[in-house]
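Structure, as structure tokens:
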Amino acid sequence: MKQDLFILAGPTAVGKTDISIKLAQKLNGEIISADSMQIYKHMDIGSAKITEAEKEGIPHHLIDFVSPFDEFSVAEFKEKSKNAIKDIASRGKLPMIVGGTGFYIDSLIFNYDFANTYKDEEYREHLKNLASEHGKEYVHELLKDIDEVSYKKLYPNDLKRVIRALEVFKLTGKTISEFNKEQDIFDIPYNVYYFVLNMDRSKLYERINKRVDIMMEKGLIEEVKSLQNMGCTPDMQSMKGIGYKEILYYLDGKLSLDEAVELIKKGSRHYAKRQLTWFRKDNRVNWIDKDQYKDDTEVCNAIEEKFLNLKNNL
């Protein structure tokens, strides 16, 4: 029998945290975070990490456990999440994936396993060198003639995935989407119940701007200063997150404070747009428009009802 897996996703600042706590209480669940910034220690304000008080006693997994000096891969997330899902289920609880990092979520609900197959390290290095010499756009353009779907879907900055698409074509003669279809990507050990929160874009952008102002008031500059004093630099994976890189540039005198704050807001709004685009590509998603409900309690009731109906109709 397949394990039930509940997913609550949505763009940054849409209000996932509060709703996830209410749902975990209703559904007897524990939360596995799918957030690529909340994994890091010492990075609480800029990642909007949930506090102990906000957890209201609900156990959380995969939060605050990676050093900002370390890299953390999607493969590692998948492995740790699978272990957490087993652990939660063994105690009779519902595993709940909550977050906005789409490729973390996809690693669990698609049957992607490239870790030990179809690799060509030499070709990867060659493409990385091309990107260093000629720019990421140059490597992205290589996709145009061989895999137009990936060319249109992937941004030049998403170099890892661009290289992966080129690598799969070189090794198999197939586009990555064709290759994935043949791998039976929906053959996973879970019954997936996937909900994505959304709201009117102007309201969401207002919430994002307000959230950034609150982060500044809470001491984001001091948090980044502390990380800088620890030895963190802009080239580290952890420091490339929105909010951290801009404040680092401010501290280094490359931006004024107003410029840094405006860039954080702008970057967060663009990120929210990309997140929504990502979630829209999965037809298993049940969209929840928060504007249709009076408050979070009503939102939770609607999600709970939909979840139970889906379970009963399996």
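Yeah, the Cβs are placed from backbone N, Cα and C, and that goes for glycine too.
Copied from Swiss-Prot, the annotated features are:
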BINDING   Gly10, Pro11, Thr12, Ala13, Val14, Gly15, Lys16, Thr17  ATP binding site
BINDING   Thr12, Ala13, Val14, Gly15, Lys16, Thr17  substrate binding site
REGION    35-38  region 'Interaction with substrate tRNA'
SITE      Thr101  site 'Interaction with substrate tRNA'
SITE      Arg124  site 'Interaction with substrate tRNA'
Pairwise CA distance, Pro11 (ATP binding site) versus Arg124 (site 'Interaction with substrate tRNA'), rounded so that it is a whole Å: 31
DSSP-assigned states of the region 'Interaction with substrate tRNA' (35-38) in counts, ordered helix, strand, coil: 0 helix, 0 strand, 4 coil
Listed in sequence order, residues not in Gly10, Pro11, Thr12, Ala13, Val14, Gly15, Lys16, Thr17 with Cβ within 8 Å of the centre of the ATP site Cβ atoms: Gly100, Leu197, Arg207
Using Cα positions only, nearest of the binding-site residues to Arg124 (site 'Interaction with substrate tRNA') (Gly10, Ala13, Gly15, Lys16, Thr17): Gly10
Thr12 (ATP binding site) in three-state DSSP notation: coil
Gly10 (ATP binding site): tally of other CB atoms within 10 A of its CB: 26
Among Pro11, Gly15 [binding-site residues], residue with fewest other Cβ within 10 Å: Gly15
